[in-house]
Amino acid sequence: MSVLQTPVTVRVPATSANLGPGFDTLGLALDLYDEITVEAVPSGLHIDVTGAGAGEVPLDETHLVVRSMQAAFDLLGEKPAGLRLTCRNVVPHGRGLGSSAAAIVGGLLAARALVEGEDRLDDAALFQLATDLEGHPDNVAPALFGGLTISWVDGAAAAVERLDCQVPVTVFVPPTAVSTAEARGLLPATVPHGDAVFNAGRAALLVAALLHAPERLISATEDRLHQSYRSAAMPESYRLVRSLRVEGVPAVISGAGPTVLAFARGIDDACPEGWALHHLDVDAGGATVR
Ligand SMILES: Nc1ncnc2c1ncn2[C@@H]1O[C@H](COP(=O)(O)OP(=O)(O)OP(=O)(O)O)[C@@H](O)[C@H]1O
Ligand SMILES: N[C@@H](CCO)C(=O)O
């Protein structure tokens, strides 16, 4: 067992979960990246954050990257005496683009690399730990493995099927956040059987549409399980999704919102004033360590 004395840098992609009908199941990695550098130091915890979340996230052991690193160190049975953490954040926080998944996956990978623990914590175990920390697998799966992921939980065991997929994406990012916890709190405990049937068909179709039938994307991105229930927390996003869809653009709320994701380009005029717009492609490789 040994602790690396050189810095480790992890790059983790943004992710979009749900993609319309695939609530808590479908996820897509996108080419927007957070970069985390960690270094073993003789003592203390030193955290430097620039970009998204700077001035907002805590700079102590409650920082999500540090909490995730600690979870990995506990499992690996080894940790450095002190840590220096540098976060260059590009993924916006609380917008539905998987910032918490990026922090968790980044922290776990950085910790594993720092104590050279690949043989003690393989990717499957790391994915399980990431799912436990996040509470659901649909963002951590593409953050770790890239591409399009179908992920689910069997009992407590997280599982994933990863698929190659290339599709053009535009995201419209509002200036204000909605936390995933708040958005999950708006969901009902039960849903009508007909709505579950509706989503099962659309989610299955969406995988086919993303792989080889783009003309199906407008039908395949319909949803009755979460977006309308959450509309009160993000009315402008919900309106934008509806107006794009009326124009035939396959648009959805990204993750728990409030970002709007469309499988399209050439729709920049739809961007509301004050929102950020990104043209994105699918990230095929997932998180990388160097
Ligand atoms: N890089 C980071 N460093 C530290 N804390 C982070 C980081 N990224 C996210 N967080 C924490 O997670 C919160 C955002 O997580 P939340 O699950 O609400 O939204 P999200 O992950 O951006 O969106 P979604 O889960 O819908 O894709 C932030 O407010 C912050 O507390
Ligand atoms: N499936 C999750 C994704 C956001 O983390 C949700 O919609 O609540």
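Keep in mind that glycine also has a Cβ here, set from the backbone N, Cα and C atoms.
Annotation note: Gly94 (ATP binding site) sits in a coil segment as assigned by DSSP. TrEMBL lists Pro92, His93, Gly94, Arg95, Gly96, Leu97, Gly98, Ser99, Ser100, Ala101, Ala102 with the feature ATP binding site.
In the predicted model, the domain 'GHMP kinase N-terminal' (65-147) shows an average pLDDT of 97. Annotation comment: TrEMBL describes 65-147 as domain 'GHMP kinase N-terminal'.
Annotation source TrEMBL lists domain 'GHMP kinase C-terminal' at 215-264.
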ATP site, defined by Pro92, His93, Gly94, Arg95, Gly96, Leu97, Gly98, Ser99, Ser100, Ala101, Ala102: further same-chain residues with Cβ within 8 Å of the Cβ centre: Ala14, Val91, Asn139, Gly255
Listed binding-site residues (Pro92, Gly98, Ser100), ranked by Cβ neighbours within 10 Å, top entry: Gly98
Least buried by Cβ count (within 10 Å) of the binding-site residues Gly94, Gly96: Gly94
Residues in the domain 'GHMP kinase N-terminal' (65-147) grouped by DSSP into helix, strand and remaining coil: 46 helix, 8 strand, 29 coil
